[in-house]
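Take a look at the structure below.
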């Protein structure tokens, strides 16, 4: 239903005409009929609101959601208000009846499911007792007489009947559960983004290729690893050979111990000393020997 109703806005503008539309239990209003495509200025859900009729004015009515919304509306005449009251009341009643039916169905299925579950527990206890009885018959003490075939047949028939009843009750529980929890509830129309498969980014693909290489890449990598390892092994063998050669020639001294080594201040500072040259060292040794020869003459 749709039509014009006056809505109380504020004390400055007072009652203003608005275009109201009642659809699927929701009452929405617009500035005019032409503004329906632009979107509503407000709405109220009939299932949760209260309809109140003004006691003095036969054209006024109120829609109230306690603590949330309060619509003051006025029709053109009493007949128009009555027409709106019937439409609003019918919409509210239909929604309420639908809700109560669903609640009744849910409560009834819950109670029946509880009853069947209690029956299953009872049959489970009976099964355990009957299985225990048959075990006692089978593992009977040798000192006593063996159980009769009649007792065994009776116990097995009771066990078979209890099993059949248990299975039947279990099937009824499954039917009740399927009626209560419909398949639509288990269909995920909007899958969770954390669970839904997402195409990996290029960076993730690179990481995956590095951390989890395929068979071909593993063969290549193993081959590339073997090559440097073999190269290192060859180098180490060569070094061992050179070390063994140097050890065999270790009788030859690396430095001549008779050669005098003169360390001057310059050599301590990191400069090359001139005394390290063989000719200059010989001259220095010659001068030193001459000075030693002249010392006895002075002493004498």
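A Cβ is built for glycine as well, from the same backbone N, Cα and C atoms used for every other residue.
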Inquiry  = According to Swiss-Prot, one residue among 112, 236, 289 carries the annotation phosphoserine; which one is it?
reply    = 236
Remark   = If one consults Swiss-Prot for phosphoserine across 215, 244, 264, the residue flagged is 244
Query = Under DSSP, the region 'Interaction with SACM1L' (1-100) has how many residues in helix, strand and coil?
reply = 32 helix, 44 strand, 24 coil
